[in-house]
Amino acid sequence: MSWIPQHFDESQLLSGDEFSEIAYELVGEEVQRLSVVNSLPALLQGSDGPLCMQRIVPKILLALDKASKEFHVAAALTFYTILEKKLVHPKTYAETFLRSMVEHIDFKVPEVAAIWLDVLLDAIALLPIDAIRAEVLPVAINKGQISQPVSSRIKSCRLLGKASLRLDMFYLKKELLPVILSLCQDVNHEVRACICTELSNIVKALDADVSKTMLLPSLVELASDEEALVRISAVSTIVEVLGYLTPDTIKNTILPLVKKLCTHARSSEDDVLVSISFQIGKLSLGLQNYMAPNEKQWILHFYQDMAQLGTLVKDTRKTFPMPDFNMSGNADRLILCRQNCAYNFPAMAIFCANLGDAYSDQLYTTFCALTSDPYFMVRRTIACGFHEVTHVLGPNCGKLKRELVKLLRDDVEEVLQGLIPHLSKTMELLAKYRELGPENMDPQSMEIGRAVLKCEAEISETHNWRLHSMLMSQLECLPLCLPSEFLHNYFIPIIFSRIHKSRAVPCRIAAARTLLVFLRYNPKAPQRNDLRTRIVNEDKVANVRMQVAGYFPRLKAMLRLPSDKKLQVALESSVRRMAANETDRDVRSMLVASMEKMDRMPIRDESISPAQLTKDDLDDQRKAEEENRLAALKVEGARRRNEVPVPPSRVPPVAPVPGGIKKGSGKAAEYRAAAPRGRLSGGTPTTVVRNPAMARQVMIVAS
């Protein structure tokens, strides 16, 4: 189809060359048409925007009637972009683009009509109120009549629900509420389900008294509908409107209605039970302030019953016996119920935490059952929220250590994918409440360490290198959680192995960074020296030695005479010893370049005033203070273990870190911020910790 009539005169084209080319493109293939539609916002932004509206837009609107689905998608998105960016006057937009959108929600191709309806619903949030009243609401009211097809009445429900959020209460009550109440009584259950879903938006636009007198009776009736689809919509609507109702309405109407829905769902084999299991967390927290103690106990038991559906576990509680489900026909539904219960467990933990320890102890049995569920997706879901449950329990989180071990030892990769992204947060919370720690040697803590090793070994054998790299990064928290002796004996060999043998570079980088964190926060000097020696000596491709050779000029730049005279002699001795023993060609080349640079460098005098300090000098001073702080912590830890008795006068002062640590960053974030960055293979430069204490360490290793 040609977009330009046969009698079209070329002289009528726009004056600019750009518009002339576009006008010719409109006669071309579909790709050219799509290009024109997609470029329409850019054309309207230019100086020739009015001419574009006059010549190009009418042809685009004319082509929509016989265009392809792809063209309709492009046009719908373009029309929304024009509205979002306010490229044309609101009145002009309403008379052209908006009218076209409203017309095409009834397009003969259902998929295309659905696209236009979705775009129109999004556009209502941006349209002027006058445009909504003039162009959208008359169509919505007309489509809501009982004489219209079911598809039209469903479209009316969606348009009325979206438009309600933009209208004032008096207009809504007078003009739209009669149509809404009529749709609530519609003979078709799909229409009733759709308007029931939209009632949440309508309630938000009305005040509580109007909602109670005019909408609440309809909601109660829809919640008792014979069709499961309508009752499912009612469950979602109840959750959404809880914050917009008065306390009396919730106590006297909503709470009995919820109990009725739950009781009916337990006795029926439909999908309402799945919907309730998905919303149970929001329902419990939204209703807890209006429930009596026996009602709170009821909803907790109801949740526990749903969490065990289909697991063939005998329920000893006689208060609310579950129905005898036909497992062959409801197995998938019951699995979804348990998975939804696992998803809502953090919310239920909050619910029980507000009630007391007795309720939390009851809920713990459900947690154990979910972590041992026979279906792996249930275990994955509970693993995804494990850190949230740990946070909610707070000082009582120690009871979760056994379940953490259980999930870490899970053989299904999907379960580990849910647990690992927040493993460090979980273990840091356990350390915060002294359930884990560098001095904690109880059997459960050691079992967690062995479970982490088993988890790492399991993931390293898969092809999921992203998960393996993530786990290596999560291990940075271990110096805070496990004894250094345990880490040195069991984790360090594994990390060295991953540095050298992992195929994926991100895994090797994450392992190297974790190794540096272990080195920085290891309180025992012999273990630190052993780690430094292994870092230098075990690199088979000599990358580390080459990096050390490149550090020598920087180390010399940190020296200050005369107090660092001994360090100068030690540095020169280390350089000569390395030059005499090194056999690798690349390392020798780097060493020669460093020696030449050192020969040209003067050594600064320490009498420089603070005003003459450079940015690097200030950075060195900050890092030196950080080293002093760590040294003080290590000495204090050694004193507590009675390993190195040190008089108080010998303990170095704890220097504050400039700027402090960001609030809420966590210990792992502190590790990452303080740890030096480096590489063991590849060519990425390394950041050096430049202070005299580190200078001594590097010179000792190099020698």
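Note that Cβ sites are derived from N, Cα and C of the backbone, with glycine treated the same way.
Per TrEMBL, the features are:
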type     : residues : note
REPEAT   : 176-214  : repeat 'HEAT'
REPEAT   : 215-253  : repeat 'HEAT'
REGION   : 604-623  : region 'Disordered'
COMPBIAS : 614-623  : compositional bias 'Basic and acidic residues'
REGION   : 641-666  : region 'Disordered'
COMPBIAS : 645-656  : compositional bias 'Pro residues'
Rounded mean pLDDT within the repeat 'HEAT' (215-253) lands at 94
DSSP helix, strand and coil counts for the repeat 'HEAT' (176-214)? 33 helix, 0 strand, 6 coil
In the compositional bias 'Basic and acidic residues' (614-623), how many residues does DSSP put in helix, strand and coil? 9 helix, 0 strand, 1 coil
